[in-house]
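Chemist: Have a look at the structure that comes next, please.
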């Protein structure tokens, strides 16, 4: 793996010292991960590691910056109007395909879950109706055990990166961090099958997070022409063979995934804008909205088709639909108090949930690192515990007589319905079984149901809330695809409904709407989303009257939660060791300049515009840097004396240097090449390839003495900053533009002064790295982030 260059200017050093230092750290695959999950390096010139899935990997950044070298400029000038229109058309075509495939796969996942879980619950209901309680428990537990086993084996043995929601890794990727094997074909297939197995097994997790990951995988595979080993190399796909266009496609995929989960097109777009995307523009806004619109059309068509009964048990289920457009909503000034209380509770409980989940994930890491068997045993243990609770706890609830004025059938023994009979006599129902002996989507609809003030008892809601708090903590983190949305919605809706019952006649707001507000508050308190979450719930409920109080609850919950800890996704990013750059720099970063960073770092490795092959091979072998400044002797007018003056020509990438060696584009004498010579040997497609490794290139002893002209492949428009710029300002520029390298130039330029002071990379701008080199800034570490 390639590491960005973090050394700074000065006399050249022995390159083997850095290599030996890396070897002293030990093999990253054997990292114990005990106290911190990942090693915390003490220098700015560190070799960072990340835990992606179940494997420790070197961190590599992505090249979102346009590499404007001579070949790129020639390719751009040579594009005809037809080719430009073709490129634009293909962008929209890929956005359409992303939405179409995401909608189709989401439909298949929902159909499979509703049928597998539905028939399983029907068999259990028949056993209970016959009073064969032990046989029902054995069947229920065995079915859940086997479904969990399938999902866990697939994740552990075939695609460890498919475990979890995948949203933190998507955030990191769109922030500029490469997350290995996160968007492959194997990961996609395991994510689909694993989500079906895990959700059908009744585990306290949702399919919403995995759907976001599935959408991102589809977008990535479409953009690059398929899996790495079986890539379609059509000529038109060459336009998208770069990190920049792949980023836009993955943004469309993530928004399509949210839309597929909640049937919320605008919410999906805003989720991508607010939560996962670091870089945004109006053209991307249009394409993401187009993708989500296609998803909605596919979902609507599938639901209309399935209403005829052609999809088995999949009818109204499978998608969280809670239409309260016909509910008359009235609230008064006195209702502000309970609504604000819901927001405060959501913020406190959300931050507490984040804190406890952080501790559980660290514990699970110690178990998972013992091997594949321990991962499987952990998943299966959670499955057995969940099955025992879901089956046994409804026996604690008392039977409630049916209200004869209800239009809905009561009691119901089937899968669909608000009034499950379970073990109750005729004319009575078990309210706790209504919530536990059903799919998660149906449980949400049941607890959100309006005009049912006496349906759920306080005791049953308390058990339901406590159970899902426990299961929510211990289920997330096992080796199966899992999402956080649905468990948090169920927990929040439980205490929201309990508060609605406690308010009684003092409020005009329906208990079902209190449940909606509770779910929204806990999601805001844990995930810290506001705008996108508000729109998702608005599209979910189809009632504009809920908008003011929903906004009020979300703002309070997020504000309270921010007082205690970061969002759950930021916590997971930190646990995985992914160097995510936050939007707001720390206040103390304005007190230190990029030049001061240069003083505490080793010297930068530079190359000349026309360099010896042996020198290039030596640099590539003894460093792991991704970019090298190209420095030339400055050309001065005739009659002017200049001694030792040099100029910065630009930045050349490691992949391009390896490509030069592979193609053996060597010169016998030190000279510049002509434009036609470059076009004969290289194309823009060649420069986009990143698969060639130095170990695969052989250079003879005679070739070592030859020369290479680096000018045609050098990015002459690399982003630069002056050494007097503050680190805070450099961080904002680095993140907003989506850079991988930022060159630091001296304030004074003249004879004998190096034209480049150093290079800033992602690791250099991370707070804990800077604090390790400047301990006196530790006092300001606890300060609030800049606004």
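Using the three backbone atoms N, Cα and C, a Cβ is placed for every residue, glycine included.
What TrEMBL says about a protein is an automatic prediction, not a curated fact.
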Chemist: Looking at 526-543, 544-561, 562-579, which one is transmembrane segment according to TrEMBL?
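Modeler: Residues 544-561 are the ones TrEMBL records as transmembrane segment.
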Chemist: Looking at 458-491, 492-525, 594-627, 628-661, which one does TrEMBL call transmembrane segment?
Modeler: 458-491
Chemist: Which range, 264-283, 284-303, 304-323, does TrEMBL list as transmembrane segment?
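Modeler: Going through 264-283, 284-303, 304-323 one by one, TrEMBL flags 284-303 as transmembrane segment.
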Chemist: Under 8 Å between C-beta atoms and at least six residues away from its ends: which parts of the chain pack against the transmembrane segment (458-491)?
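Modeler: The answer is 54, 148, 151-152, 155-156, 160, 162-166, 190-191, 194-195, 197-198, 203-211, 213, 261, 320, 349-350, 353, 356-357, 360-361, 364, 368, 375-376, 378-379, 382, 385-386, 389, 393, 396-398, 431-432, 435-436, 440-441, 443-444, 447, 497-498, 501, 519, 522-523, 526-527, 568.
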Chemist: Is the transmembrane segment (284-303) packed against any residues at least 6 beyond its ends, judged by a Cβ distance under 8 Å, and which are they?
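Modeler: Hits for the transmembrane segment (284-303): 91-92, 95-96, 98-100, 102-104, 106-107, 111, 248, 251-253, 255-256, 258-260, 263, 265-266, 268-269, 272-273, 277, 319.
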Chemist: Counting CB pairs under 8 Å, which listed stretch among 133-159, 336-356, 544-561 touches the transmembrane segment (376-397) the most?
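Modeler: The listed stretch sharing the most Cβ pairs with the transmembrane segment (376-397) is 133-159.
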Chemist: If contact means at least 3 Cβ pairs within less than 8 Å, sequence distance 6 or more, would you call the transmembrane segment (336-356) and the transmembrane segment (544-561) in contact?
Modeler: yes
Chemist: Within the domain 'CBS' (714-778), count helix residues (DSSP H, G, I), strand residues (E, B) and coil residues, in that order.
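Modeler: So the domain 'CBS' (714-778) is made up of 25 helix, 12 strand, 28 coil.
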